[in-house]
């Protein structure tokens with residue numbers, strides 16, 4: 001994602017008075033996206049932390065993507081909402097310097113590129129798991145190395161893009177770095193998913209159907225996640241390339257912001273896919289809800305026990321009441337004993 005295009009265009013488009021109704025609608029969409037992204041991905045990370053069944057190596061990259069999407073929702077989106085609201089004159093935009101937008105561009109690119117790079121690595125990992133399952137099981141540190149490598153690449157790409165944007169006066173020169181990077185990621189995700197789909201389509205894994213059914217379902221789920229990430233990212237990529245080749249004012253910023261809504265929405269779609277498609281997530285979510293219900297019941301029982309603490313006056317009343325009940329119980333007990341004796345004699 002290159003949101004510095006929109007950030008730099010804020011001043012150039014200020015001569016046109018934008019509609020505040022459109023600004024409120026777009027900011028509301030971004031706010032909802034941010035809230036859902038933070039809630040969904042924080043829940044995903046929480047379940048991964050508390051449930052040991054989710055701590056499998058095949059889900060390391062998924063958790064890495066969830067963390068990147070969480071940071072997008074909690075850090076990048078609020079700043080971007082600030083820029084969008086400033087453009088629509090919903091509030092006074094105070095960050096008009098290019099260096100401020102450059103810092104934001106670096107932060108935004110770091111987390112968004114970490115997410116899309118994780119999607120590409122997920123495709124590679126599933127490709128290796130499908131075609132070489134035995135070798136894939138013996139790899140212990142490869143998933144951790146992939147997570148570290150994803151963040152290294154994200155920092156490097158973000159630093160190069162941000163530095164090139166600030167140092168070069170013409171934005172179109174940054175396409176020489178941006179275009180090869182886009183083509184490589186698109187090729188990796190598309191080719192990896194296509195090969196996996198052909199492998200599953202041919203039914204070569206039919207001989208291991210009983211043992212690999214959960215693994216096959218996980219492969220399809222992660223394939224779907226990577227495809228969603230790619231298709232939500234490509235519209236923004238094509239828009240940025242068009243802006244670089246033509247001019248910043250060739251596309252209205254309202255359309256550009258709507259494209260960004262599509263791109264950012266991927267951050268909260270992924271957790272929904274995890275819950276719907278991965279059984280371990282549903283089981284972990286159910287266990288957490290049961291534990292929460294039990295905790296509420298325990299707190300309620302403790303509260304009832306605390307309400308039973310007697311004061312001196314209430315203790316005297318309770319003693320009198322108990323003594324009366326005890327006499328009645330004794331009387332009833334004697335009558336019952338007499339009736340039992342008569343029954344036995346008869």
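Cβ from N, Cα, C; glycine included.
According to TrEMBL, the protein has these features:
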{"type": "TRANSMEM", "residues": "23-48", "note": "transmembrane segment"}
{"type": "DOMAIN", "residues": "40-274", "note": "domain 'G-protein coupled receptors family 1 profile'"}
{"type": "TRANSMEM", "residues": "60-83", "note": "transmembrane segment"}
{"type": "TRANSMEM", "residues": "103-124", "note": "transmembrane segment"}
{"type": "TRANSMEM", "residues": "145-166", "note": "transmembrane segment"}
{"type": "TRANSMEM", "residues": "178-200", "note": "transmembrane segment"}
{"type": "TRANSMEM", "residues": "221-243", "note": "transmembrane segment"}
{"type": "TRANSMEM", "residues": "255-276", "note": "transmembrane segment"}
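Using a Cβ-Cβ cut-off under 8 Å and counting only residues 6 or more beyond its ends in the same chain, the transmembrane segment (23-48) has close neighbours at 54-55, 59, 63, 66-67, 69-70, 72-74, 77-78, 80-81, 84-85, 87-90, 254, 257-258, 260-261, 264-265, 267-268, 270-272, 274, 281, 284-285, 288. Below 8 angstroms of C-beta separation, residues 1-2, 5, 62, 65, 115-116, 119-120, 122-123, 125-126, 171, 175, 178-179, 182, 185-186, 189-190, 192-193, 196-197, 250-251, 255-256, 259-260, 262-263, 265-266, 269-270, 273-274, 277-278 of the same chain, each at least six residues beyond the ends of the transmembrane segment (221-243), sit close to that stretch. Contact check: the transmembrane segment (178-200) against the transmembrane segment (103-124) gives at least three Cβ pairs closer than 8 Å, residues 6 or more apart, which meets the contact criterion.
Below 8 angstroms of C-beta separation, residues 1-4, 7, 61-62, 64-65, 68-69, 71-72, 75-76, 79-80, 83, 95, 146-147, 149-151, 153-155, 157-159, 161-162, 165, 185, 188-189, 192-193, 196, 222-223, 225-226, 229-230, 233, 263, 266-267 of the same chain, each at least six residues beyond the ends of the transmembrane segment (103-124), sit close to that stretch.
Each residue in the domain 'G-protein coupled receptors family 1 profile' (40-274) has a pLDDT score, and their mean in this model is 82.
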